[in-house]
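Enquirer: Swiss-Prot feature annotations, pasted as is:
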- L11, S12, G13, G14, L15, D16, S17, A18, T19, C20, L21: ATP binding site (BINDING)
- C191, C201, C204, C207: Zn(2+) binding site (BINDING)
Amino acid sequence: MTDLPRAVVLLSGGLDSATCLAIARDMGLETYALSVAYGQRHAAELTASRRVAHALGAREHRVASVSLGEFGGSALTDPAIAVPEDAAPGGIPVTYVPARNTVMLSMALAWAEVLGARHIFVGVNAVDYSGYPDCRPAFIQAFETMANLATKAGVEGHPTTIHAPLIDLSKADIIRRGVALGVDYGLTVSCYQADDDGRACGRCDACRLRREGFAAAGIADPTRYQAR
(Lines of atoms letter the chains of each structure in order from A; the text may use other names.)
(Lines give C-alpha, C1' and ligand atoms only; values in the text may rest on other atoms or scores of the structure.)
Protein backbone atom coordinates (compact mmCIF):
# COMPACT_ATOMS: atom_id res chain seq x y z
CA MET A 1 0.00 0.00 0.00
CA THR A 2 1.38 3.39 -1.02
CA ASP A 3 1.75 5.91 1.78
CA LEU A 4 -0.25 9.08 1.33
CA PRO A 5 1.71 12.32 0.95
CA ARG A 6 1.69 14.29 4.18
CA ALA A 7 0.51 17.80 4.96
CA VAL A 8 0.74 19.98 8.04
CA VAL A 9 -2.41 22.07 8.50
CA LEU A 10 -2.45 25.07 10.82
CA LEU A 11 -5.65 24.59 12.80
CA SER A 12 -6.85 27.40 15.04
CA GLY A 13 -10.23 25.81 15.73
CA GLY A 14 -12.02 28.46 13.70
CA LEU A 15 -14.10 28.30 10.55
CA ASP A 16 -11.38 28.98 8.00
CA SER A 17 -8.78 26.56 9.32
CA ALA A 18 -11.37 23.79 9.67
CA THR A 19 -12.21 24.28 6.00
CA CYS A 20 -8.50 24.06 5.13
CA LEU A 21 -8.21 20.76 6.97
CA ALA A 22 -11.17 19.39 5.03
CA ILE A 23 -9.66 20.57 1.74
CA ALA A 24 -6.32 18.92 2.49
CA ARG A 25 -8.09 15.67 3.34
CA ASP A 26 -10.15 15.91 0.13
CA MET A 27 -6.90 16.28 -1.84
CA GLY A 28 -5.86 12.84 -0.61
CA LEU A 29 -3.23 14.05 1.84
CA GLU A 30 -2.49 12.54 5.23
CA THR A 31 -3.11 15.47 7.53
CA TYR A 32 -1.18 16.55 10.63
CA ALA A 33 -2.96 19.36 12.44
CA LEU A 34 -0.97 21.97 14.35
CA SER A 35 -2.61 24.38 16.78
CA VAL A 36 -0.71 27.08 18.62
CA ALA A 37 -1.31 28.38 22.13
CA TYR A 38 0.23 31.82 21.77
CA GLY A 39 -1.36 33.54 24.76
CA GLN A 40 -4.63 34.34 23.02
CA ARG A 41 -7.52 35.47 25.19
CA HIS A 42 -9.93 33.27 23.20
CA ALA A 43 -8.42 29.98 24.39
CA ALA A 44 -11.73 28.19 23.70
CA GLU A 45 -10.57 27.93 20.09
CA LEU A 46 -7.90 25.44 21.19
CA THR A 47 -10.59 23.19 22.64
CA ALA A 48 -12.45 23.57 19.36
CA SER A 49 -9.33 22.61 17.41
CA ARG A 50 -9.23 19.24 19.17
CA ARG A 51 -12.87 18.58 18.21
CA VAL A 52 -12.27 19.59 14.60
CA ALA A 53 -9.07 17.56 14.23
CA HIS A 54 -10.86 14.45 15.49
CA ALA A 55 -13.97 15.01 13.38
CA LEU A 56 -11.98 15.53 10.18
CA GLY A 57 -9.67 12.60 10.72
CA ALA A 58 -6.29 14.23 11.26
CA ARG A 59 -3.56 11.60 11.58
CA GLU A 60 -2.11 13.56 14.48
CA HIS A 61 -2.96 16.79 16.28
CA ARG A 62 -0.46 18.76 18.31
CA VAL A 63 -0.85 21.94 20.33
CA ALA A 64 2.43 23.85 20.48
CA SER A 65 3.09 26.84 22.72
CA VAL A 66 4.78 30.17 22.07
CA SER A 67 4.42 33.18 24.35
CA LEU A 68 3.47 36.01 22.00
CA GLY A 69 1.51 37.41 24.93
CA GLU A 70 4.84 38.36 26.52
CA PHE A 71 5.24 41.04 23.87
CA GLY A 72 1.64 42.28 23.88
CA GLY A 73 0.76 44.75 21.16
CA SER A 74 -2.59 43.15 20.30
CA ALA A 75 -6.09 43.04 21.73
CA LEU A 76 -5.92 39.25 21.37
CA THR A 77 -2.94 38.87 23.70
CA ASP A 78 -3.02 41.94 25.95
CA PRO A 79 -5.99 42.20 28.35
CA ALA A 80 -5.33 45.93 28.67
CA ILE A 81 -6.35 46.44 25.02
CA ALA A 82 -10.08 46.12 24.39
CA VAL A 83 -11.40 44.03 21.50
CA PRO A 84 -13.29 46.42 19.19
CA GLU A 85 -17.00 45.73 18.85
CA ASP A 86 -17.56 47.82 15.72
CA ALA A 87 -16.37 47.24 12.18
CA ALA A 88 -12.78 48.37 11.74
CA PRO A 89 -12.64 51.88 10.18
CA GLY A 90 -9.64 51.04 8.01
CA GLY A 91 -5.96 50.38 8.53
CA ILE A 92 -4.52 47.54 10.56
CA PRO A 93 -6.75 46.84 13.59
CA VAL A 94 -5.66 46.24 17.18
CA THR A 95 -6.62 42.57 16.80
CA TYR A 96 -3.57 42.07 14.57
CA VAL A 97 -1.01 39.99 16.48
CA PRO A 98 2.53 41.07 15.50
CA ALA A 99 4.23 38.40 13.36
CA ARG A 100 1.71 35.71 14.36
CA ASN A 101 1.36 34.04 10.98
CA THR A 102 5.11 34.22 10.40
CA VAL A 103 5.73 32.46 13.72
CA MET A 104 3.02 29.85 13.18
CA LEU A 105 4.07 29.04 9.64
CA SER A 106 7.65 28.66 10.87
CA MET A 107 6.48 26.16 13.48
CA ALA A 108 4.49 24.29 10.83
CA LEU A 109 7.56 24.31 8.58
CA ALA A 110 9.71 22.77 11.32
CA TRP A 111 7.21 19.96 11.93
CA ALA A 112 6.72 19.42 8.20
CA GLU A 113 10.46 18.97 7.70
CA VAL A 114 10.61 16.39 10.49
CA LEU A 115 7.61 14.54 9.05
CA GLY A 116 8.86 14.68 5.49
CA ALA A 117 5.71 16.60 4.59
CA ARG A 118 5.91 18.77 1.48
CA HIS A 119 2.64 20.61 1.99
CA ILE A 120 1.58 23.21 4.56
CA PHE A 121 -1.95 24.61 4.67
CA VAL A 122 -2.98 27.91 6.22
CA GLY A 123 -6.45 29.47 6.24
CA VAL A 124 -5.55 33.08 5.46
CA ASN A 125 -8.03 35.10 3.45
CA ALA A 126 -7.56 38.38 1.56
CA VAL A 127 -11.23 39.05 0.72
CA ASP A 128 -13.41 39.03 3.84
CA TYR A 129 -10.57 39.74 6.24
CA SER A 130 -9.70 42.35 8.83
CA GLY A 131 -6.79 44.10 7.13
CA TYR A 132 -3.97 41.91 8.44
CA PRO A 133 -0.72 42.23 6.44
CA ASP A 134 0.09 38.53 6.91
CA CYS A 135 -3.11 37.42 5.16
CA ARG A 136 -2.03 38.65 1.72
CA PRO A 137 -0.88 36.57 -1.28
CA ALA A 138 2.45 38.42 -1.34
CA PHE A 139 3.20 37.26 2.20
CA ILE A 140 2.39 33.62 1.42
CA GLN A 141 4.56 33.69 -1.71
CA ALA A 142 7.44 35.30 0.19
CA PHE A 143 7.22 32.76 3.02
CA GLU A 144 7.30 29.84 0.58
CA THR A 145 10.42 31.30 -1.03
CA MET A 146 12.04 31.71 2.38
CA ALA A 147 11.03 28.18 3.43
CA ASN A 148 12.80 26.63 0.48
CA LEU A 149 15.95 28.66 1.07
CA ALA A 150 16.10 28.04 4.81
CA THR A 151 15.50 24.30 5.22
CA LYS A 152 17.52 21.15 4.61
CA ALA A 153 14.62 19.75 2.59
CA GLY A 154 14.50 22.83 0.40
CA VAL A 155 18.19 23.00 -0.44
CA GLU A 156 18.29 19.23 -1.11
CA GLY A 157 15.61 19.56 -3.77
CA HIS A 158 12.48 18.69 -1.81
CA PRO A 159 10.53 21.95 -1.87
CA THR A 160 7.65 22.76 0.43
CA THR A 161 4.45 24.25 -0.95
CA ILE A 162 2.46 26.68 1.18
CA HIS A 163 -1.21 26.26 0.34
CA ALA A 164 -3.66 29.09 1.06
CA PRO A 165 -6.76 27.70 -0.66
CA LEU A 166 -9.14 30.26 0.84
CA ILE A 167 -7.16 33.36 0.02
CA ASP A 168 -9.41 34.57 -2.82
CA LEU A 169 -12.74 33.27 -1.47
CA SER A 170 -15.49 35.22 0.25
CA LYS A 171 -16.60 34.01 3.66
CA ALA A 172 -19.81 32.72 2.08
CA ASP A 173 -17.83 30.74 -0.50
CA ILE A 174 -15.61 29.29 2.23
CA ILE A 175 -18.68 28.14 4.16
CA ARG A 176 -20.27 26.59 1.08
CA ARG A 177 -17.04 24.75 0.29
CA GLY A 178 -16.72 23.45 3.82
CA VAL A 179 -20.32 22.27 4.02
CA ALA A 180 -19.84 20.41 0.74
CA LEU A 181 -16.81 18.69 2.30
CA GLY A 182 -18.69 17.73 5.45
CA VAL A 183 -17.36 20.33 7.90
CA ASP A 184 -19.51 20.71 11.02
CA TYR A 185 -19.12 24.41 11.75
CA GLY A 186 -20.90 23.94 15.05
CA LEU A 187 -17.61 22.48 16.32
CA THR A 188 -15.64 25.64 15.49
CA VAL A 189 -15.00 28.85 17.43
CA SER A 190 -14.17 32.11 15.64
CA CYS A 191 -14.94 34.75 18.28
CA TYR A 192 -12.08 36.90 19.58
CA GLN A 193 -13.57 36.86 23.07
CA ALA A 194 -15.44 33.57 23.31
CA ASP A 195 -16.19 32.41 26.83
CA ASP A 196 -14.77 29.23 28.35
CA ASP A 197 -17.65 27.22 26.88
CA GLY A 198 -16.90 28.51 23.38
CA ARG A 199 -19.93 30.78 23.17
CA ALA A 200 -19.37 33.78 20.92
CA CYS A 201 -19.80 37.42 21.91
CA GLY A 202 -21.65 38.25 18.68
CA ARG A 203 -20.09 41.73 18.56
CA CYS A 204 -16.43 41.50 17.51
CA ASP A 205 -15.16 41.66 13.93
CA ALA A 206 -14.69 37.89 13.74
CA CYS A 207 -18.30 37.31 14.82
CA ARG A 208 -19.54 39.87 12.30
CA LEU A 209 -17.69 38.28 9.39
CA ARG A 210 -18.84 34.81 10.40
CA ARG A 211 -22.48 35.84 10.82
CA GLU A 212 -22.52 37.72 7.51
CA GLY A 213 -20.89 34.75 5.78
CA PHE A 214 -23.57 32.30 6.86
CA ALA A 215 -26.29 34.76 5.88
CA ALA A 216 -24.77 35.32 2.43
CA ALA A 217 -24.32 31.57 1.93
CA GLY A 218 -27.96 30.94 2.83
CA ILE A 219 -26.90 28.40 5.45
CA ALA A 220 -28.09 28.31 9.06
CA ASP A 221 -25.50 29.69 11.48
CA PRO A 222 -24.70 27.02 14.12
CA THR A 223 -22.74 29.46 16.31
CA ARG A 224 -23.63 29.47 20.01
CA TYR A 225 -23.83 33.01 21.33
CA GLN A 226 -23.51 34.36 24.86
CA ALA A 227 -26.70 35.62 26.47
CA ARG A 228 -27.02 39.39 26.37
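In case you wondered, yes, glycine gets a Cβ from its N, Cα and C as well.
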Enquirer: Which has the fewest other CB atoms in a 10 Å radius around its CB: L11, L15, C191, C207, the listed binding-site residues?
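Expert: If we count Cβ atoms within 10 Å for the binding-site residues L11, L15, C191, C207, the smallest count is at C207.
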Enquirer: Among the binding-site residues listed here (L21, C201, C204), identify the one with the smallest other-Cβ count within 10 Å.
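Expert: Each of the binding-site residues L21, C201, C204 was scored; lowest Cβ tally within 10 Å is C201.
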Enquirer: What does DSSP call C201 (Zn(2+) binding site) in the simple three-state scheme?
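Expert: Assignment for C201 (Zn(2+) binding site) reads coil.
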Enquirer: What other residues of the same chain, not counting L11, S12, G13, G14, L15, D16, S17, A18, T19, C20, L21, have a CB atom within 8 A of the CB centroid of the ATP site?
Expert: S49, V52, G123, T188
Enquirer: Taking the centroid of the Cβ atoms of C191, C201, C204, C207 as the Zn(2+) site, which other residues of that chain lie with their Cβ within 8 Å of it, listed in sequence order?
Expert: V83, S190, Y192, Q193, A194, A200, G202, R203, D205, A206, R208
Enquirer: Just jot down the residues in the same chain as S17 (ATP binding site), at least 6 apart in sequence, with C-beta under 8 A of its C-beta; none if empty.
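Expert: S17 (ATP binding site) has long-range Cβ partners V9, L10, L11, S49, V52, V122, G123.
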Enquirer: Counting only residues 6+ apart in the same chain, whose Cβ is under 8 Å from the Cβ of G13 (ATP binding site)?
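Expert: In sequence order, S35, A44, E45, L46, T47, A48, S49, R50, R51, V52, T188, V189 meet the Cβ cut-off.
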Enquirer: When you measure from the Cβ of T19 (ATP binding site), which residues in the chain that are at least 6 apart have a Cβ under 8 Å away?
Expert: G123, L166, I174, I175, R177, G178, L181, V183
